[in-house]
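What follows is one structure encoded as structure tokens, with my remarks underneath.
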Amino acid sequence: MRILWIVAVCLIGVEGNLYQFGKMIFKMTRKSALSYSDYGCYCGWGGKGKPQDATDRCCFVHDCCYGTVNGCDPKLSTYSYSFQNGDIVCGGDDPCLRAVCECDRVAAICFGENMNTYDTKYMLHSLFDCMEESEKC
């Protein structure tokens, strides 16, 4: 348990909202965020090619959403949010942080709605299998 806490603290330092996004993912899917950390062509660092399934498309849309955020770094931003009646509610006054939260909220909901498409064959998916031309956001 102590090692997990140390890893979580280190990950938060690397990517400010990773922990928050992970909590959203777990709330909507009951799966660890690690299940989505290296999945398909878009879940995880970077992304290229064609999304492999609806789950991977959630990550593609999430990447596109981050690309529209202006005024803060989505990967380093810590935002306000809460869980109310099974829903994720983004809060706070900063429009940029709220936009980052919305990107994460929509992706977490998307993962929950597409759990039936999650296929373990796309876990640890090689980017060499993602050589098709990338779609436009």
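Just so it is clear, glycine is given a Cβ too, placed from its N, Cα and C backbone atoms.
Since this is a predicted model, take the numbers as computed values, not measurements.
Look at Swiss-Prot and you will find 1-16 tagged as signal peptide.
Residues annotated as disulfide bond in Swiss-Prot: C41-C130 (among others). For the recorded site, C41 (disulfide bond), the DSSP three-state label reads coil. Around the Cβ of C41 (disulfide bond), the number of neighbouring Cβ atoms within 10 Å comes to 26.
Residues or ranges marked as Ca(2+) binding site in Swiss-Prot: Y42, G44, G46, D63.
What Swiss-Prot lists as disulfide bond is C43-C59 (among others). If you take the C-beta of C43 (disulfide bond) and look for same-chain residues 6 or more apart in sequence within under 8 angstroms, you find Y36, S37, T55, D56, C58, C59.
Secondary structure at C58 (disulfide bond), as computed by DSSP, is helix. Residues or ranges marked as disulfide bond by Swiss-Prot on the basis of similarity to another entry: C58-C110 (among others).
Feature annotation from Swiss-Prot assigns active site to H62 (among others). Spatially close to H62 (active site) yet at least six residues away along the chain are Y42, C103, D104, V106, A107, C110, judged by Cβ distances under 8 angstroms.
In the three-state DSSP classification, C64 (disulfide bond) falls within a helix. Take the CB of C64 (disulfide bond) and look out to 10 A: across all protein chains shown you find 15 other CB atoms. If you look up Swiss-Prot, you'll see C64-C137 (among others) marked as disulfide bond, on the strength of similarity to another entry.
The disulfide bond annotation in Swiss-Prot covers C65-C103 (among others) and rests on similarity to another entry. Sequence-distant contacts (6 or more apart, same chain, Cβ under 8 Å) of C65 (disulfide bond) comprise E102, C103, V106, A107.
When secondary structure is read from DSSP and collapsed to three states, C72 (disulfide bond) falls in the coil class. In sequence order, D94, C96, L97, V100 are the residues of the chain that are 6 or more apart from C72 (disulfide bond) and have a CB within less than 8 Å of its CB. Swiss-Prot lists C72-C96 (among others) with the feature disulfide bond, giving similarity to another entry as the kind of evidence.
Neighbour density for C90 (disulfide bond): within 10 A of its CB lie 18 other CB atoms from the protein chains shown. Among the features that Swiss-Prot reports, disulfide bond is placed at C90-C101 (among others), with the record citing similarity to another entry.
The active site annotation in Swiss-Prot covers D104 (among others) and rests on similarity to another entry. A 10 Å cutoff on Cβ-Cβ distances gives D104 (active site) a total of 27 other Cβ atoms nearby, all chains included.
Packing around C103 (disulfide bond) is summarised by its Cβ count: 24 other Cβ atoms lie within 10 angstroms of its Cβ, all protein chains included.
Here G44 (Ca(2+) binding site) is compared against the disulfide-bonded residues C64, C90, C101, C137, and the shortest C-alpha distance is to C64. Same-chain neighbours of the Ca(2+) site beyond Y42, G44, G46, D63, judged by a C-beta within 8 angstroms of the site's C-beta center, are, in sequence order, C41, C43, W45, G47, K48, C59, F60. When the alpha carbons of G46 (Ca(2+) binding site) and C101 (disulfide bond) are compared, the span between them is 19 angstrom.
A separation of roughly 28 Å, to the nearest angstrom, links the Cα atoms of C90 (disulfide bond) and C41 (disulfide bond).
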